[in-house]
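As given in Swiss-Prot:
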BINDING   Gln43, Tyr44, Arg45, Asn46, Lys47, Asn75, Ser114, Lys144  4-amino-2-methyl-5-(diphosphooxymethyl)pyrimidine binding site
BINDING   Asp76, Asp95  Mg(2+) binding site
Amino acid sequence: MIDPPMDRIKVSGLYAITPDIENIDRLCEMAYHVLAGGVSWLQYRNKKANSRLRLMQALEIHLLCKQFQVPLIINDHMDLVMEIDAEGLHVGGEDTSVAAARHYLGRNKIIGVSCYNQLSHAIEAEKAGADYVAFGAFYPSMTKVDAYQAPIHLLDAAKKTLNIPIVAIGGINLDNAEALIARGCDAVAVSQALFSAQDIQSAARHFSKLFC
């Protein structure tokens, strides 16, 4: 097993994931309100953007994250992590392997992995040096309508088996997040329920209070 550096910040609390928005000003405004609301982690994810737009958006969002001292995780793109010196990378089950990502990024970057509903995948990811794993979707997701469905009792087994933080994802809102936290997840990853809220900052604040 590859041990991550012990001084690395542990993933916990509210983990926000940006929506597929092309307008930089609008996206940054939304990110600002999420950060001001107390989000602990922010993942930049934009499946519709080209490489130039991704770079421009990620640079601006990283500046905001630095103001609030919140780590920025980049979805999928290792080169973008290095180009803007983001704090970490999140990879999906069919993306770059943890071992390849760790070799490319080195030991000082955070690496998270989507494990869907597969505990065995999470065990292998931990052995390969992942800093956290994400399970879900636990509820129907508006962001990924074809997402794998994960049973809530998976969190019980994961908590007993893994030694790295566990993130719950998929259709999470203020009505169902507490049930996941009670089952032992360290963080909840939220996109739709945050960025589509009428008051983004207030929504982020309410999610964050669930961990207090």
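Positions of Cβ are set from backbone N, Cα and C atoms, glycine also.
With the fewest other Cβ atoms inside 10 Å of its Cβ, the least crowded of the binding-site residues Arg45, Lys47 in this structure is Lys47. Sequence-distant contacts (6 or more apart, same chain, Cβ under 8 Å) of Ser114 (4-amino-2-methyl-5-(diphosphooxymethyl)pyrimidine binding site) comprise His90, Val91, Gly92, Gly93, Val133, Ala134, Ile169. The CA atom of Asp76 (Mg(2+) binding site) is located 10 Å away from the CA atom of Asn46 (4-amino-2-methyl-5-(diphosphooxymethyl)pyrimidine binding site).
Ser114 (4-amino-2-methyl-5-(diphosphooxymethyl)pyrimidine binding site) falls within a strand segment according to DSSP. Around Tyr44 (4-amino-2-methyl-5-(diphosphooxymethyl)pyrimidine binding site), the same-chain residues at least 6 positions away in sequence with a Cβ under 8 Å from its Cβ are Thr18, Arg54, Gln57, Ala58, Ile61, Leu72, Ile73, Ile74, Asn75, Ala86. Separation of the C-alpha atoms of Asn46 (4-amino-2-methyl-5-(diphosphooxymethyl)pyrimidine binding site) and Asp95 (Mg(2+) binding site): 15 Å, rounded to the nearest whole number.
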